[in-house]
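Enquirer: OK, TrEMBL features for this one:
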type	residues	note
TRANSMEM	39-57	transmembrane segment
TRANSMEM	131-151	transmembrane segment
TRANSMEM	163-182	transmembrane segment
TRANSMEM	188-208	transmembrane segment
TRANSMEM	220-237	transmembrane segment
TRANSMEM	243-266	transmembrane segment
TRANSMEM	286-305	transmembrane segment
DOMAIN	311-383	domain 'DUF1736'
TRANSMEM	372-391	transmembrane segment
TRANSMEM	403-424	transmembrane segment
TRANSMEM	430-449	transmembrane segment
TRANSMEM	458-476	transmembrane segment
REPEAT	499-532	repeat 'TPR'
REPEAT	533-566	repeat 'TPR'
REPEAT	601-634	repeat 'TPR'
REPEAT	703-736	repeat 'TPR'
Amino acid sequence: QICNQHNAEAPNLEQALHRMAQTEPNLDHDVSWFLLPSYWAKMVVALISFLCFANSYDGDFVFDDSEAIINNKDLRAETPLGDLWHHDFWGSKLSSNTSHKSYRPLTVLTFRINYLFAGGFYPVGFHVINIILHCTISVLMVDVFSILLGGLQFSNKGRRLNLAPKTSLLAALLFAVHPVHTECVAGIVGRADLLCALFFLLSFLGYCKAFRENKEGHNFSMFWVLVSVILGAIAMLCKEQGITILGLNAVFDALVINKLNVLELIQKLLRKDKSLENAGLLRKGLLFRITLLMSGGASILYIRWRIMGTGPPAFTEVDNPASFADSLFVRAINYNYYYSLNAWLLLCPWWLCFDWSMGCIPLIKSVSDWRIIALVALWFCLIGLICQALCSEDSHKRRILTLGLGFLIIPFLPASNLFFRVGFVIAERVIYLPSIGYCVLFTYGFSLLSKQAKKKKILAVAVLGILLINVMRCALRSSQWRSEEQLFRSALSVCPLNAKVHYNVGKNLADKGNQSAAIKYYREAVRLNPKYVHAMNNLGNILKERNELREAEELLSLAVQIQPDFAAAWMNLGIVQNSLRRFEEAEQSYWTAIKHRKKYPDCYYNLGRLYADLNRHIDALNAWRNATVLKPEHSLAWNNMIILLDNTGNLAQAEAVGREALELIPNDHSLMFSLANVLGKSQKYKESEALFLKAIKANPNAASYHGNLAVLYHRWGNLDLAKKHYEVSLKLDPMAPGTKENYNLLRRKLEQLQKKGS
């Protein structure tokens, strides 16, 4: 509804508004830039934003995508949709002590839809949606910047007027091609920031629509104010930063709709002046709307807090070292240094890195550290801008600078460490929204330079050059995000002191089978961070596989000493101790791992192997049964149960277990093979043959499959088929144990039969 009706009889309101706009300084007046109709301006922005990131469409799942998407059970159809509202972004229960409390159910819902439409984990669809979202956001930026730079005016038909078409196009292009956005667009996990930004902007534009019939802030649409609050809540359900739009809408209302002079208001408050109404604070509707926005924000935060639980997320020192510093001075000075680095990434986005933690940025511990200069420069610029925003006599300048600073600072506040500890040092993705403020300030600065410059075209060419460089940088950075190998290696030159970078390069090499190179990077990660337990665990695993058991044991023992609840390291330590034939210690390590991770099927599997080595068959079977209860598709545990029962003569029980396993994992050829062996010994030759042939069809190059089928035919009396499969087995593996002897026995038998026949 509209609180008051406007004067419908005003005949030439649109012309009057244009004349009114002419009385204010126009940014476009002195700017040498492209003037395009609104439709074409948006098409150009969409096209260029697409070109920047198009080459990321066929990239892999990289870095955090594995945990947020591939390993996230909330994406799978068997997980009830209701679970999304009780789990964090990574699929863990919000009530869990290990949860990061990142509550983004709507983002996870879009991942789930992607997964269902693609029919599995195929990254192309995920990447395409991210690119489309960034293009859409960039197009919306044309409208947003036209309001921030040109003000809010409507025609008599309710159409919003773009009073700064050239500068709004420039600002939108700056936003669309900013290289710092690559992580959000090319990294699928960045979907959270993109969706948040989309609803953030829609909330802002919705709030502006509330004043289509406004005159001096007196008339507004309650409907659009409420829609704005709802869209802000949706933005927060995509990512936490979204809630900040409600504060920005309040700032916009005060400065643009009610033309509030902040400095004048402060002065009157200090003098206890009773004429506050003239300052604009008590204009009709302003306090009501701000109260509505703040009440909505407080309600959303309360509900969010109740869902999250009262406990804050638990982070470690390596995630955010400054927040763990004992000295308040060290914390404050490093937080401000991080702010200056974020500002530098906006100004010069050349050095970009997927992760800035773990020693990438050493702590400043003394005022003699030369990096203090960055803090001084940051606050010198900020204080200068704030003074101009508050004290300038030019209301147009005050409005643009205040809005620019508001959009730069307010969305960044949740990542500032001021209200709560965050789990990172610098994260390029959190600058996506604050870059709106940067683009406003950059464009305003360009307009001021254009006003002073005699050769405006040279200045325009320089800005065009910046845009082209940014486009090329986006394309290059997008290509680096296409694979983990390129992404991790690109970080080595940016953050050579970051242990996590070396760890990820090593992990990528290990996954590809290059263990020697992986060891080098894991060792460097441990050298840079002697408490990096995950690097120790992975290095210990490789050394274990290379039979360097003593060093592996030392590393894994140190890892569990540093982090006593590190279940994976306890299990791996147990495997090493088992290999060293220290069975009691191995058993204790396995049970310690299970103590810290109750549902640990792999640990039960390894515990079963230990019991089998000790001939504790009942314990082994119980351990493997626990593994299959926790993970029904645990093929190795099923196989070991069948083999152990087979070897101990319990053929009926082995057959029952084999059939149970194949019902759960019907296409597992190793289970078919094990059950076929049992059936053959039980003289169920026909069924055994069928399973052997099915296993061979699934894995035709397994010598043992052909060899054991030959044994079956040998027993069954199908000697020609037995001879054929013995020969195939020996061709695949000439050293196959027992096969050659069986083949020679068969040949002698065939020769004897031939002699009898002759």
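Every residue, even glycine, has its Cβ placed from backbone N, Cα and C.
Unlike curated entries, TrEMBL annotations are predicted automatically.
What you see is a predicted model, and the numbers here were worked out from it, not measured in a lab.
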Enquirer: For the repeat 'TPR' (601-634), DSSP counts of helix, strand and coil?
Expert: 27 helix, 0 strand, 7 coil
Enquirer: Top stretch among 131-151, 163-182, 372-391, 430-449, 458-476 for CB pairs under 8 A with the transmembrane segment (188-208)?
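Expert: Per the Cβ count, the answer is 131-151.
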Enquirer: What residues elsewhere in the chain lie close to the transmembrane segment (458-476), defined as a C-beta under 8 angstroms and at least 6 residues from its ends?
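Expert: Contacts with the transmembrane segment (458-476): 31-33, 48, 51-53, 55, 170, 173-174, 177-179, 181-182, 349-350, 446, 449-450.
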Enquirer: If you count Cβ pairs under 8 Å, which stretch among 39-57, 286-305, 372-391 touches the transmembrane segment (131-151) the most?
Expert: 39-57
Enquirer: Averaging the per-residue pLDDT over the repeat 'TPR' (703-736), what integer do you get?
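Expert: That region's mean pLDDT is 88.
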Enquirer: For the repeat 'TPR' (499-532), how many residues does DSSP put in helix, in strand and in coil?
Expert: 27 helix, 0 strand, 7 coil
Enquirer: Near the transmembrane segment (372-391), which same-chain residues lie under 8 Å Cβ to Cβ, leaving out any that are not at least 6 residues past its ends?
Expert: 262-263, 333, 336-337, 339-341, 343-344, 364, 397-398, 401-402, 404-405, 441
Enquirer: Quick one: do the transmembrane segment (286-305) and the transmembrane segment (430-449) have at least 3 Cβ pairs under 8 Å, skipping pairs fewer than 6 apart in sequence?
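Expert: By the criterion, they do not touch.
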Enquirer: Hey, which bits of the same chain come close to the transmembrane segment (39-57), Cβ under 8 Å, at least six residues off its ends?
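Expert: Contacts with the transmembrane segment (39-57): 124, 127-128, 130-131, 134-135, 138-139, 141-142, 165, 168-169, 172-173, 176-177, 182, 185-186, 470-471, 474-475, 478-479, 481-482.
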Enquirer: Please tell me whether the transmembrane segment (220-237) and the transmembrane segment (243-266) touch - that is, whether there are at least 3 C-beta pairs under 8 Å between them, with each pair 6 or more apart in sequence.
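Expert: Taking Cβ pairs at least 6 residues apart, the transmembrane segment (243-266) and the transmembrane segment (220-237) are in contact, with 3 or more under 8 Å.
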Enquirer: By DSSP, how many residues in the repeat 'TPR' (703-736) are helix, how many strand, and how many coil?
Expert: 28 helix, 0 strand, 6 coil
Enquirer: Take the repeat 'TPR' (533-566) and count its residues per DSSP category (helix H/G/I, strand E/B, coil), listing them in that order.
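Expert: For the repeat 'TPR' (533-566), the helix, strand and coil counts are 27 helix, 0 strand, 7 coil.
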